[in-house]
Amino acid sequence: MKLDHVQIKQFRNLTDVSLHPSTSLNVIYGANGSGKSSLVEAIHYLGFGRSFRTHRHDHAIQHGEEAFVVFCQITSDQPDDESVIKLGYQRDRKGNVQIRRNGETLQRVSELVRHLPVQLFTPQSADIVSGGPGGRRRFLDWALFHVEQSFHSVSACYQKTLKHRNALLKQNSSELKADGSDYWTQQMVRYGEQLNDLREALVSALQPYINDNLKQFLTDFCFEISYHRGWEKGRSLAAVLQQNFERDQRLGFTHSGPHKADLRIKTEGVLAAERLSRGQARMLVAALLLSESEYLHRVQGRQSLFLLDDIGAELDAAMREKFLTKLLASSAQVFVTAIEQQQVAFMDDYKDKKVFHVEHGQVKEELK
Ligand SMILES: Nc1ncnc2c1ncn2[C@@H]1O[C@H](COP(=O)(O)OP(=O)(O)OP(=O)(O)O)[C@@H](O)[C@H]1O
């Protein structure tokens, strides 16, 4: 799917913005505070149903206004499919959300976000490497959400069961049995094993893409990537929950399971986070994200939309060029923000490109 029209209303300093992006490269440039990140953040709402800058949706509503609206039109990227989908997302200060698809109201954010596989790359993306395992699980789960139909319900059931089991552990409830024969433990085992199987299969499928991209992006390093499922190797989740029951009950939560999984990335036997510079860590993340969208394209023929906010931060021109060139070759649709156009000067001759200048919340396409 390609985004071919975006309209943003009353979103931060963007009062009423309408743009028809290129289906390949879009360069968004402008001074500090002009509204570049706000534009990217608004598109992020369509891909995730939330901001990447704040948990407070009301902070994104323009001062003095009651609600923001982000609307887009996407068209299929398959040659034999001419379908057009119109999506709208509105949020007001009271917390009401309205999500629409072709005029119909959608009940769930998941119904919105499955239309647009959006990947975000910002200076904070290095956290996928240097931060806790949650970011790496979200990285894996993004691909599973878009590729595996069953993932969303398996993951939701697992989270619900885990929450309930933890609540019962805290209450010391007799509903839970030490031998794991109770309903909640059995459900957790069932969904936990399913979730783990999906993740393990994904990691094996992604590995060749990741290895290939890492070889090109970080030539001086060799990496070892391993998936840790969140409980001891060679044992069933049921056996581990049974063994840990007393400790789980004492501490009031479940210690083992796919909610503890991690994707460990090492170089020369050391965690990559401890060895790489920040720019190198960002390139590692670039390789990971690119690999996912190449995989998505391979298995489903779907293209991803990349939001690269502040591409100049911590990446030198050679790194920027490597990443952007490879992204565009994978036929992703790309939005890249920069303070000056110079930061992407290496793309000057690229044909399928549109340039937008942002100034005081106004976005103007620069005509060639
Ligand atoms: N709710 C809001 N209502 C109105 N304006 C807002 C709101 N939230 C933030 N702003 C303002 O919007 C402007 C645009 O911010 P944005 O982060 O998009 O700028 P930017 O172009 O990405 O800047 P930089 O290059 O410094 O990252 C800023 O001046 C900011 O203060």
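Each position is counted from 1, following the chain as shown.
Using the three backbone atoms N, Cα and C, a Cβ is placed for every residue, glycine included.
Marked as ATP binding site by TrEMBL: Gly30, Ala31, Asn32, Gly33, Ser34, Gly35, Lys36, Ser37. Secondary structure at Gly33 (ATP binding site), taken from DSSP and collapsed to helix, strand or coil, is coil.
Per TrEMBL, domain 'RecF/RecN/SMC N-terminal' is recorded for 3-360.
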**Complete:** Residues lining the ATP site besides Gly30, Ala31, Asn32, Gly33, Ser34, Gly35, Lys36, Ser37 (CB within 8 A of their CB center) are Ser38, Ile339, Val358
**Prompt:** Cβ distance under 8 Å to Ser37 (ATP binding site), same chain, sequence separation 6 or more: which residues?
**Reply:** Arg53, Asp309, Asp310, Thr337
**Neighbour-count leader, CB within 10 A, binding-site residues: Gly30, Gly33, Gly35** = Gly35
